[in-house]
Amino acid sequence: MAALDSLSLFTGLGLSEQKARETLKNTVLSAQLREAATQAQQTLGSSIDKATGTLLYGLASRLRDPRRLSFLVSYITSRKIHTETQLSAALEYVRSHPLDPINTEDFEQECGVGVVVTPEQIEEAVEAAINRHRAKLLVERYHFSMGLLMGEARAALKWADGKMIKHEVDMQVLHLLGPKTETDLEKKPKVAKARPEETDQRTAKDVVENGEVVVQTLSLMEQLRGEALKFHKPGENYKTPGYVTTPHTMDLLKQHLDITGGQVRTRFPPEPNGILHIGHAKAINFNFGYAKANNGICFLRFDDTNPEKEEAKFFTAIYDMVAWLGYTPYKVTYASDYFDQLYAWAVELIRRDQAYVCHQRGEELKGHNPLPSPWRDRPIEESLLLFEAMRKGKFAEGEATLRMKLVMEDGKMDPVAYRVKYTPHHRTGDTWCIYPTYDYTHCLCDSIEHITHSLCTKEFQARRSSYFWLCNALDVYCPVQWEYGRLNLHYAVVSKRKILQLVAAGAVRDWDDPRLFTLTALRRRGFPPEAINNFCARVGVTVAQTTMEPHLLEACVRDVLNDTAPRAMAVLEPLQVVITNFPATKALDIQVPNFPADETKGFHQVPFGSTVFIERMDFKEEPEPGYKRLAWGQPVGLRHTGYVIELQHVVKGPSGCVESLKVTCRRADAGEKPKAFIHWVSQPLTCEIRLYERLFQHKNPEDPAEVPGGFLSDLNPASLQVVEAALVDCSVALAKPFDKFQFERLGYFSVDPDSNQGQLVFNRTVTLKEDPGKV
């Protein structure tokens with residue numbers, strides 16, 4: 001139908017021309033509305049009143065199953081459904097009863113068909129509602145919430161027409177109160193809401209304080225905003241748009257509920273061929289978090305169907321990272337646990353003429369329009385014999401595959417279900433020489449484990465049709481697959497292949513190099529798991545792909561470490577300072593608070609002797625305007641000591657370089673307060689400190705338009721600076737790998753696993769404040 005004809009058809013339903021044009025832009029909606037209007041005209045003629053047109057538009061815009069369109073249009077045109085309330089009930093009924101035939105008697109009862117609500121009943125219901133609120137209504141008059149009266153009347157008369165209820169409320173209120181006065185016409189003053197008491201479950205909005213991003217945490221339920229809040233209840237899979245039903249669906253769902261008891265079940269299914277990265281953290285939080293928020297369970301299932309790329313170290317590392325983020329799987333499973341069942345189902349698929357053995361080579365299947373398989377229609381018995389021959393090792397790799405008979409969303413035809421691989425499996429050894437593919441394994445493992453919500457990233461959307469098709473082809477329980485947007489970061493690469501290239505090029509040490517965004521790297525750098533979880537919560541779960549700035553993740557890190565990392569003092573570029581009038585014959589013991597803002601968290605003790613070390617940058621012989629630290633005629637305080645030092649003599653070497661300072665000291669309360677207090681160390685430990693910056697110079701190192709030479713050409717030469725002879729106070733002497741500290745005025749640091757009894761090694765996790773140049 002031409003656009004002008006459709007426009008005329010839609011305006012004939014009572015739509016404004018603007019609304020009709022907007023509707024035409026939505027191809028799915030316009031097609032369904034066109035069909036509904038055409039069917040209605042066959043009964044009512046070309047003239048359709050606006051009330052009926054409104055119902056038809058509501059039907060077309062909200063109906064998920066086009067098979068029910070004619071059925072519902074007939075109820076609208078016959079006036080059996082004549083209110084919005086009835087239409088909503090009808091749509092809910094067909095959504096909850098996806099299989100034929102519809103029980104019309106039950107349907108009509110649920111939708112109020114034939115129920116007549118008289119004006120007298122409406123009058124009585126409104127009168128009863130007004131009487132319940134009469135006293136308050138007389139006081140507040142027209143400032144009273146009339147919606148409350150209409151809501152109570154509607155609750156008493158479910159199938160009453162909403163417009164009639166509103167009209168009756170208006171009439172009775174006017175009769176009780178009389179016409180509106182000038183006071184009634186004044187706007188009701190807004191009452192400021194009382195500020196709720198602070199709780200642990202805060203919102204995830206960013207608060208900017210003094211130019212810094214302060215990130216607040218979220219509860220699990222607050223994380224699951226957006227589309228996730230619309231998820232189906234267990235057993236109501238058929239209510240999900242696009243879910244495919246068969247005559248067996250309802251029986252299978254009943255069996256599913258008998259097994260699970262209506263429990264929410266999710267799974268996190270990584271491939272054990274690499275290390276998890278920040279994007280996986282979102283998937284872990286979503287799957288485990290959604291299950292936990294709904295009192296459900298989450299499986300950790302290793303998709304170990306490609307023995308060529310799997311290594312034992314990856315299984316261990318993945319499990320460790322899940323635990324590190326604070327989650328405990330209900331059960332750890334493996335796709336290989338189900339190899340026998342998967343094989344039996346593959347045989348059954350062939351018997352049902354839904355799969356066949358194919359001899360096209362891998363290169364023949366690549367590209368956008370590969371040739372159809374000449375073996376697609378081979379006899380069932382022949383495919384059964386050949387598939388058994390595949391299992392027995394009678395074909396070389398690439399000579400035969402088992403393919404499923406379906407076309408996927410992206411146009412890919414007949415995806416491979418099994419292929420030959422003569423590689424021993426880490427769990428099953430040489431038992432198998434054929435292995436199932438992801439397209440075949442994923443949905444069936446979900447079915448076996450009775451997963452209720454199969455949560456995947458958007459790249460798997462093209463495989464949703466094969467997911468539903470395969471479960472239904474075998475008549476097994478079919479879970480719901482739901483896709484969400486990936487989480488990516490600027491200035492990062494997370495591809496396993498590209499990380500291996502970085503390692504091979506010597507740009508990073510290994511998968512856990514602190515400049516990477518793998519979870520093992522972030523842990524080594526000192527990122528707390530709570531910060532990563534908070535970051536994932538802040539990002540939320542949406543359908544759109546999300547690319548975030550690293551400084552937002554770092555803000556989450558600061559937020560956690562500020563409350564959890566005890567303070568210590570360290571000097572990166574030491575300058576010796578000798579106090580010539582030190583007030584004691586031996587070092588003083590100074591009590592330093594672990595957390596200056598909360599001294600109830602305890603203290604640690606550091607020595608303060610006649611020789612201390614300060615940062616070289618905290619002294620200048622010729623300071624520029626605004627410089628507040630140590631200089632001639634400008635004393636400075638030493639943090640936590642209660643003392644102020646003043647320059648007495650500068651000791652220089654043969655080259656003129658400052659080697660040490662001689663100063664005098666006085667009590668801080670014995671004179672004018674200095675302009676600044678600096679950190680220091682005395683009788684310190686020598687340590688190595690590694691200072692990290694971004695690994696790449698551009699936001700999108702993989703984008704050829706931004707980095708024509710490829711990501712390896714975009715490496716930041718200053719991404720790592722090693723300070724081999726830094727000094728740190730002795731309070732950290734017993735620190736263990738991954739212990740975290742705030743080195744005052746320097747940043748947050750974590751003990752690196754390279755540390756040994758002879759020397760500690762610290763990684764700078766983040767600076768105290770974000771560098772404005774990075775934001």
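Glycine is treated like the rest: Cβ placed from N, Cα and C.
According to Swiss-Prot, the features are:
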BINDING   271-273, 277-283, Thr457, 486-487, 494-496  ATP binding site
BINDING   Asp303, Tyr438  L-glutamine binding site
MOD_RES   Ala2  N-acetylalanine
MOD_RES   Ser70  phosphoserine
MOD_RES   Lys309  N6-acetyllysine
MOD_RES   Ser495  phosphoserine
MOTIF     270-280  motif ''HIGH' region'
MOTIF     493-497  motif ''KMSKS' region'
- If you measure from the Cα of Glu271 (ATP binding site), which of the recorded positions Ser70, Asp303, Lys309, Tyr438 is the nearest? Asp303
- Ile278 (ATP binding site) has how many other Cβ neighbours within 10 Å of its own Cβ? 24
- Task: By Cβ count within 10 Å, point out the most packed of the recorded positions listed: His280, Lys282, Lys309.
- Result: Lys282
- How many other Cβ atoms are found within 10 Å of the Cβ atom of Tyr438 (L-glutamine binding site), counting all protein chains shown? 18
- Write down the Cα-Cα distance for Asn273 (ATP binding site) and the residue listed as 'N6-acetyllysine', rounded and given in Å. 5
- State the mean pLDDT for the motif ''KMSKS' region' (493-497). 89
- Simplified to three states, DSSP reports Glu271 (ATP binding site) as coil
- Rounded Cα separation (Å) that holds between Asp303 (L-glutamine binding site) and Asn273 (ATP binding site): 10
- Task: On the DSSP side of things, how many residues of the motif ''KMSKS' region' (493-497) fall into helix, strand and coil, could you say?
- Result: 2 helix, 0 strand, 3 coil
- Which state, by DSSP, holds Leu487 (ATP binding site): helix, strand or coil? strand
- Message: Whole-number answer please: how many Å between the C-alpha atoms of Ser495 (ATP binding site) and Tyr438 (L-glutamine binding site)?
- Response: 19
- Under 8 Å by Cβ from Asn273 (ATP binding site), same chain, sequence gap 6 or more: Asn306, Lys309, Glu310, Glu311, Phe314, Lys496
- Note on the structure: Students should find that the Cβ of Asp303 (L-glutamine binding site) has, within 10 Å, a number of other Cβ atoms equal to 19
- Give the three-state DSSP assignment (helix, strand or coil) for Lys309 (N6-acetyllysine). coil
- Query: Rounded to an integer, what is the Cα-Cα distance in Å between Tyr438 (L-glutamine binding site) and Ile278 (ATP binding site)?
  - Reply: 22
